[in-house]
Structures are given as C-alpha cells and as structure tokens.
Amino acid sequence: MSVNAIKSSQDIDFYAILGVERNASEQDIKNAYRKLAIRYHPDKNPGNEEAQEMFKKISIAYAILSDPNKRRQYDVSGPSSALTDFEGLDISELGGVGRFFGAMFTKLGIPIPTQIGPKVLAQARDLCMGKITHTARELMPGEPVSESVSNQEADFFRIVMREDWQKYGVVIRCKSTSMSKFKLVLFDRDGSVRMIRESQTKKKITSAELFFVPFQRVHIGEFVPMQHIMEDKETPLPFHYLDRLETQGGHSLEAREHVLCVYGDNFIQSVKYKLTFLPLNEFCMDHVIKLKEIEPDIINKKNEMASFQREYMDLKKRWEAAKQRLKEEDDYITKKLKDRDDTYEEMFEAAVAPYKPPMTQNNKSSSGFFSSIFGSKS
C-alpha cells in the first residue's frame with residue numbers, strides 16, 4: 001500500500017496498526033514496532049507482498065507516533081494532516097521561485113520536509129533487481145569518496161558486508177563541509193527504501209550516519225529552534241532539546257551486498273559530500289563504553305525534563321495568575337486610596353460649610369457702579 005493509498009483511508013488507526021493503546025508510552029511504541037518490523041521485514045518474507053504492505057504500514061505508523069510533534073498533530077487532526085507533513089515536498093515539482101523561497105527558509109532555520117523523487121526510486125529498484133540501467137560504485141571500507149551530486153539526483157553505491165564485521169558493527173557516514181542538505185538512503189533487496197537519514201546541521205558541517213551496531217544507542221534528530229518558536233512560543237526551548245530522541249536497539253547489517261545512495265536535497269545548488277564506509281574495531285571499544293555511560297544519562301534527562309516541564313508550566317501558570325492578581329490588587333488599592341482621600345476632603349468641606357460666611361450679591365451697588373461709568377450723562 002502506498003502512502004497515498006493509506007492517506008485515502010479515513011478509518012486508519014496507527015495505534016491499532018502497532019497494537020498499542022492511545023496512551024502508550026514512547027517505549028511501548030518502540031517495542032511494538034520492533035517486534036512487528038522483525039516479523040514483517042521483506043528480507044524475512046521474500047516474495048510475500050502482504051508482508052511487504054504490512055511492513056510499509058507499520059513503518060509509516062511508527063514514523064508518525066515516534067515523533068512527538070507528529071503524534072500530537074495526528075491525535076488532534078487525524079492521519080491526513082500527519083501524513084501530509086510526513087510525505088514532504090517533491091522539489092522537482094517546484095518552479096524557480098518556489099525553490100528560491102525553499103532555500104531561503106532553509107537558511108533561516110525553518111525546515112521544509114522533502115521526498116525522494118520517483119526517478120531515483122525507479123533507479124534504485126532497477127539496481128537491486130539486477131537491471132543495468134544505472135551504475136553503482138563500490139564503496140570500500142575505510143576509503144572516503146568525495147563527490148558532488150545535483151539536487152534531486154542520487155549517486156548510488158554498493159557495499160559488501162562481511163560476517164566478521166558484525167562483531168563490532170559498521171557505520172556508513174556522509175558529511176558535507178559546504179553545509180548542504182542531503183539524504184543518506186539504504187535500500188532493501190527489492191529496491192524499496194529500508195532506512196533514511198536526513199543530513200543534520202553540526203558546528204561546521206552537515207552529516208548523516210547509518211549505524212548497524214550490536215549495542216543499544218540513541219539517535220537524536222536535529223533540533224530546529226525556529227520550528228518550536230513558531231509552533232510553541234510558551235514553552236522554553238530547553239524542554240524541546242530532546243524531543244526527537246529515539247532509542248535504537250542493537251542490530252546488524254546482513255552479510256551480503258547492499259545498495260545505498262546519497263540524494264541531493266538542496267533546493268538550488270548541487271551537493272558536495274564525502275561518504276565513508278567504516279567497520280568498527282576493538283580500538284573503538286573505549287568510546288563505545290563511554291557512549292554507553294553518556295546516552296542512558298541523556299535518556300533519563302529526557303524523562304526528567306518531561307516531568308519538570310509539567311511542573312514548570314504549572315508554576316508558570318500560577319505565576320501568570322499571581323501577576324494578574326497583583327495588577328488587579330494594585331488597581332483596587334490605588335482606587336480605594338484615591339476614594340479615601342477624596343472622601344476625607346469632602347468630609348472636611350462639609351464640616352467647614354456651617355462656618356463659612358454667607359455669600360450675598362449686592363446687585364444695586366454693582367448696578368450703580370456700572371451705571372456711574374457707562375450710564376452717566378454729561
């Protein structure tokens with residue numbers, strides 16, 4: 001079932017697809033997805049179209065429910081809204097003006113999701129099915145490849161995974177010193193997309209990595225401050241730092257040939273990149289041990305921040321209410337003090353009134369005065 005086909009169904013329930021309750025925790029969703037993904041993975045069900053369709057369903061369901069923002073959007077607006085955000089733009093359909101504004105918004109830190117064009121997907125399918133319609137360069141372990149790819153085009157590569165590399169695991173890493181946007185994509189045997197990593201902005205580069213390692217690790221999607229400022233002005237940014245944290249269980253890459261690509265995701269310029277296939281080794285183990293200490297602390301901190309956020313927002317709400325009450329009390333007391341002062345003045349005036357001499361008008365005298373000036377006859 002395609003994404004468009006899924007979108008057309010009004011009765012779709014991503015929670016039901018994964019077999020979890022609507023109030024399921026993030027870990028419950030991950031565990032359910034992991035079990036179903038293993039069960040329906042195309043590599044374990046060659047030629048089984050029903051299993052492939054189910055695998056696509058659970059992949060889309062997990063893509064929505066594992067992202068806090070997409071899950072919240074799905075809970076409020078249903079699948080059509082969430083899936084629209086999930087699919088992204090086909091840049092090939094944009095004109096020059098659209099590409100210009102897309103590039104400008106990206107520079108400003110406003111992410112615009114994009115999708116891989118059908119041409120590239122067809123090329124991947126042909127490569128994986130053995131059709132010689134496109135070339136795929138072999139990527140040798142530890143030998144970086146520096147290339148450039150046009151926007152909405154893909155450079156394809158082959159890697160041959162060996163069983164002895166599974167002991168420590170392997171990493172496929174792509175980076176761009178020109179800060180380009182790209183996707184690092186691994187394909188299944190039949191050419192369907194198995195795994196995608198979007199490039200993330202680091203200090204001086206953009207990079208993306210595919211990890212196939214025997215230990216549990218944490219993947220943290222890129223933090224985009226502008227997105228949260230636009231969507232949620234009330235919540236301080238530190239509460240969003242770990243929104244896209246995802247725990248990944250250990251898994252290995254099968255000992256066979258695999259096809260992957262670097263997809264140019266810039267709106268205008270071509271993408272310059274360096275791609276490396278890195279089997280890990282015993283010299284990496286000290287760093288792995290350190291990561292096993294750091295990443296659980298980060299997971300715990302995410303849970304702490306979720307609890308602290310509720311506490312903070314409650315205190316903030318009470319603080320705002322206290323500020324509003326203070327303003328009201330200020331206005332009330334100021335008014336009452338003014339009323340008090342005015343009333344005292346009025347009381348003093350009332351007390352003095354009986355002692356004031358009566359005011360009389362001497363109309364005759366006044367008349368005589370004016371008449372003596374203006375009315376006298378010469």
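Glycine residues also receive a Cβ, built from the backbone N, Cα and C atoms like all the rest.
Unlike curated entries, TrEMBL annotations are predicted automatically.
Under the heading coiled coil, TrEMBL lists 298-329. The compositional bias 'Low complexity' annotation in TrEMBL covers 364-378. Summarising the annotation, TrEMBL assigns domain 'J' to 13-78. Sequence annotations record features per position, and here TrEMBL assigns region 'Disordered' to 359-378.
Beyond the coiled coil (298-329), the same-chain residues lying 6 or more positions past its ends with a Cβ under 8 Å from any Cβ of the stretch are 218, 220, 234-236, 238-239, 241-242, 245, 247.
The average per-residue pLDDT of the prediction over the coiled coil (298-329) is 94, rounded to a whole number.
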